[in-house]
Amino acid sequence: MISVYSISLGCPKNRVDTEHLLGSLGVAVQPVEHLSRADVVLINTCGFILPAVEESVRTIVETIDDLSGLRKRPLLAVAGCLVGRYGAKELASELPEVDVWLPNQDITAWPAMLAHALKLEGAVTPGRLLSTGPSYAWLKISDGCRHNCSFCTIPSIRGGHRSTPADVLEREARDLVAQGVRELVLVAQDVTAWGEDIGAPHGLATLLERLLPVPGLARLRLMYLYPAGLTRELLGFMRDAGAPLVPYFDVPLQHAHPDILSRMGRPFARDPRRVVERVRDFFPDAALRTSLIVGFPGETDEHYAALTSFVEETRFTHMGVFAYRAEEGTPAAEMPEQVEDRVKEWRRDALMEVQAEISEELLAVHEGTRQQVLVDAPHEEWPGLHTGRTWFQAPEIDGITYVSGPGVEPGALVEADIVETRTYDLVALV
């Protein structure tokens, strides 16, 4: 057995990569809560945007400092998008204290590389060590991206789109549910692109046909749905499939004005209203989440006003807003008409204020209703209180439901009365 102290930065896809690595070393792995008790310290980094790069580097440097005072120093391994973006050779010259660099070019090779560095004798076998508890788990269905948005570094870091075969994903889904997982959340850079590169006859629907019948699965949630991939055919399949598929749509629209979408390299999404209307044609009561970028090069007051009007009209259930940052190596970083930071930040904050009012109004409708709540974990401070989620709340990104009463425990799916609503959260009693 080896003890591991791990840090996963960035998105859920990184967390899945960490879980696969730790579950595939060919020996039993014991997670520990302090690096002084670890045989190996693993940092899975993010490098998607500059703040993530800075956080990753800061985390590595702070960890090196913490390790320097230990009598027995664990092996330090660094993986993830920071390594993919800057390369192991360049990073090693700046951070020689790191023992092992795990590059993104072949994530499947990580277990063998780490096992070799640890001098482990057991055979490396595919596996997964869950870190999310019994209620939910992410299922990463592909890696990389075939799109070339002008602001995005992902294709250069993660490479082109590569689907994981359906039989592999079905086996993993069955294993996760057998461990007690109630909700599977499908993630990828573009979930709707699954199957395009491996000849799946009906694309994502082919995979869903394999996953939906998994015995014991209570919820199946889809994240990162590319606007162009939400075809009428896919939406029709999803409507007809029904439970355990939840009518939750995470669609990163990024903007609403065609001028800005064109500059973003997303001309296929130049009419986001049609995307929203298409979803609501099939799912009138769908929960809609989106992410938007403000302050993109060339964004004028008129462009921003159009975006604000779009948000007010559409009334998303959940929304994230990001102030644009120029990323080295992307076409957008070289564009003229860069927007001042103070303007970008004001636009972000103002748009989130608009969304806060919308969210509060939409959640208030649920007060007095009865909802199924999937219980995630005990509250850290209040005994007897747990946190969970309704079908319209995705883990770790949306609001939560505070729930208490008989039978409330992690992994339980309970019927509860919504007794109070807040801006982003709910309060429920069984």
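The backbone N, Cα and C atoms fix where each Cβ goes, and this holds for glycine too.
On the 0 to 100 pLDDT scale, the model's mean across the domain 'MTTase N-terminal' (2-119) is 92. Under the heading domain 'MTTase N-terminal', Swiss-Prot lists 2-119, citing sequence analysis as support.
In three-state terms derived from DSSP, Cys11 ([4Fe-4S] cluster 1 binding site) belongs to neither a helical nor a strand segment and is classed as coil. Annotation comment: Swiss-Prot describes Cys11, Cys46, Cys81 as [4Fe-4S] cluster 1 binding site, evidence class sequence analysis.
Taken from Swiss-Prot, the feature domain 'Radical SAM core' covers 131-361.
Just so you know, the Cβ of Cys145 ([4Fe-4S] cluster 2 binding site) picks up 23 other Cβ atoms within 10 Å once every protein chain is counted. What Swiss-Prot records for Cys145, Cys149, Cys152 is [4Fe-4S] cluster 2 binding site.
According to Swiss-Prot, the feature domain 'TRAM' maps to 364-430, an assignment based on sequence analysis.
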Using a 10 Å radius around each Cβ and counting other Cβ atoms from all shown chains, which of the binding-site residues Cys46, Cys81, Cys149 yields the largest count?
Cys81
Kindly assign Cys81 ([4Fe-4S] cluster 1 binding site) to one of the three DSSP-derived states: helix, strand or coil.
helix
Out of the binding-site residues Cys145, Cys149, Cys152, give me the one sitting nearest to Cys46 ([4Fe-4S] cluster 1 binding site) by CA distance.
Cys152
What does the structure give for the C-alpha distance between Cys149 ([4Fe-4S] cluster 2 binding site) and Cys11 ([4Fe-4S] cluster 1 binding site)? Integer Å is fine.
19
From the centroid of the CB atoms of Cys145, Cys149, Cys152, the recorded [4Fe-4S] cluster 2 site, which same-chain residues not already listed sit within 8 A by their CB, in sequence order?
His147, Asn148, Phe151, Thr153, Ile154, Pro155, Gln189, Gly265
According to DSSP, collapsed to three classes, what secondary structure does Cys46 ([4Fe-4S] cluster 1 binding site) have?
coil
